[in-house]
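Asks: The feature compositional bias 'Basic residues' is assigned by TrEMBL to 1-10. What TrEMBL records for 1-20 is region 'Disordered'. Per TrEMBL, transmembrane segment is recorded for 85-102, 114-131, 180-200, 207-225, 231-248, 260-282.
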Amino acid sequence: MEAAARRRQHPGAAGGPGSQLGASFLQARHSSIKAEEAEHTAPFHLDLWFYFTLQNWILDFGRPIAMLVFPLQWFPLNKPSVGDYFHMAYNVITPFLLLKLIERSPRTLPRSMVYISIITFIMGASIHLVGDSVNHRLLFSGYQHHLSVRENPIIKNLKPETLIDSFELLYYYDEYLGHSMWYIPFFLILFMYFSGCFTASKAGNSMPAPALLLVAPSGLYYWYLVTEGQIFILFVFTFFAMLALVLHQKRRRLFLDSNGLFLFCSFTLTLLLVALWVAWLWNDPVLRKKYPGVIYVPEPWAFYTLHVSSQH
């Protein structure tokens, strides 16, 4: 009698017709949402991709150049440099553009993962800001990027020797911890966005002319990011994950839209440029010593201090 009373109070319980109807409704709704997401083709986000590429070139690539170009009297060594202000602007603008990019994704992406990735990105980029600021200011004191910390002439004779450990800790924060917390969430966000750039319509499977013009500067910037950031393994893993996703979706008759195609072409160009860069410097004995092991991808600034600034 108690069980019967419970069933009368909750007619959808115990597998009743109410629960079956609700489950059928939710399943149909979920399927319709997936179908709508697959059929919807997002237009090419020219404004976001243009701003993204422009600020990457100015605020990230141009940051160390600005530090060398602007007179030292304007930005003393005991104060933030112009490059540091560039980095601060990058740490604010890039997360904002990434969030705007996620907002325009045709597919609903996991919000918690997006928020955690953005927070980690900002923290990693901020750690890198401090370490990179000191390391680049050391250039004015004779620091050479193509040498390790302990082999640098201005470092190896410091007394007490524990000071050298402090500089190595600074280098670790800059080149390892900062880069990891900066770039892993960065590529994760791009991959999550890329996963939503598929459509059932072949009409959107092409790039407009402005997108074609942006592929070269975008791919060239990612080459700088991969080589200077020493994140070749992370980049290759992301690229082949994207390639695997493209092949998987092709079997389901889903194709990349113009935004996904732009990102994939940019990464393909980056991979080609990295291969050419490594082949060009393959037999450089000094850089080989700094970058031992199987993965040999020299940093552009190490090349600059070795072959360009040393001649002037």
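Backbone N, Cα and C atoms are what each Cβ position is placed from, and that goes for glycine too.
All annotation found in TrEMBL is predicted automatically rather than curated by experts.
Fair warning: this is a prediction, and the values are worked out from it, not measured in the lab.
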Asks: Going through 85-102, 114-131, 180-200, 207-225 one by one, which has the most CB pairs that fall under 8 Å from the transmembrane segment (231-248)?
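Replies: Ranking 85-102, 114-131, 180-200, 207-225 by Cβ pairs under 8 Å to the transmembrane segment (231-248) puts 180-200 first.
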Asks: So which residues does the transmembrane segment (85-102) touch in its own chain, when a touch means Cβ under 8 Å and the partner is 6 or more beyond its ends?
Replies: 45, 48, 51-52, 55-56, 58-60, 62-63, 66, 109, 114, 118, 121-122, 125-126, 128-129, 132-133, 186, 189, 192-193
